[in-house]
Amino acid sequence: MLTDAEKKEVTALWGKAAGHGEEYGAEALERLFQAFPTTKTYFSHFDLSHGSAQIKAHGKKVADALSTAAGHFDDMDSALSALSDLHAHKLRVDPVNFKLLAHCILVVLARHCPGEFTPSAHAAMDKFLSKVATVLTSKYR
């Protein structure tokens, strides 16, 4: 559960980043594929080259999902229910990959929003992304 102060930190940081969702989401995915090559197996049908339209489009989906989550702190389970079903039952994504992507998202935010990426914002965003990962893996059980 995020505190009110953490919600404010996430809202402020994600508010700045969300306007660059496609760019930041694509960069996070590219970092994911470079740092953790086994994650590419879920995207074998994608053009994984730098700047590909498919990576940008999926990056935007990731960013949009995070915007949805940030808009529903107290009802994230319902807000992300369909996405959780998709990843658990159709795509069958290994749950560890959400944590790996969360790490890459933090790196991208630190790179692009250094002034806003304070230690407290970092901690709040990490907690938020962990909550998102928990919600997305809740249907695996």
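Glycine is no exception: its Cβ is also placed from the backbone N, Cα and C atoms.
Positions annotated as domain 'Globin' by Swiss-Prot, on the basis of sequence analysis: 1-141. Feature annotation from Swiss-Prot assigns N6-succinyllysine to Lys7, Lys16, Lys40. Positions annotated as N6-acetyllysine by Swiss-Prot, on the basis of similarity to another entry: Lys16. According to Swiss-Prot, the feature phosphotyrosine maps to Tyr24. The phosphoserine annotation in Swiss-Prot covers Ser49, Ser138, and the record cites similarity to another entry as its basis. Taken from Swiss-Prot, the feature O2 binding site applies to His58, supported by sequence analysis. The heme b binding site annotation in Swiss-Prot covers His87. Sequence annotations record features per position, and here Swiss-Prot assigns phosphothreonine to Thr134, Thr137 based on similarity to another entry.
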The domain 'Globin' (1-141): DSSP-derived helix, strand, coil residue counts:
112 helix, 0 strand, 29 coil
What average pLDDT does the predicted model assign to the domain 'Globin' (1-141)?
94
Neighbour tally for His58 (O2 binding site), based on other Cβ positions within 10 Å of its Cβ:
17
Euclidean distance between Cα atoms of the residue listed as 'N6-acetyllysine' and Lys40 (N6-succinyllysine), Å
28
Between Thr137 (phosphothreonine) and the residue listed as 'heme b binding site', how many Å separate their Cα atoms?
8
Cα distance, Ser49 (phosphoserine) to Thr134 (phosphothreonine), nearest Å?
30
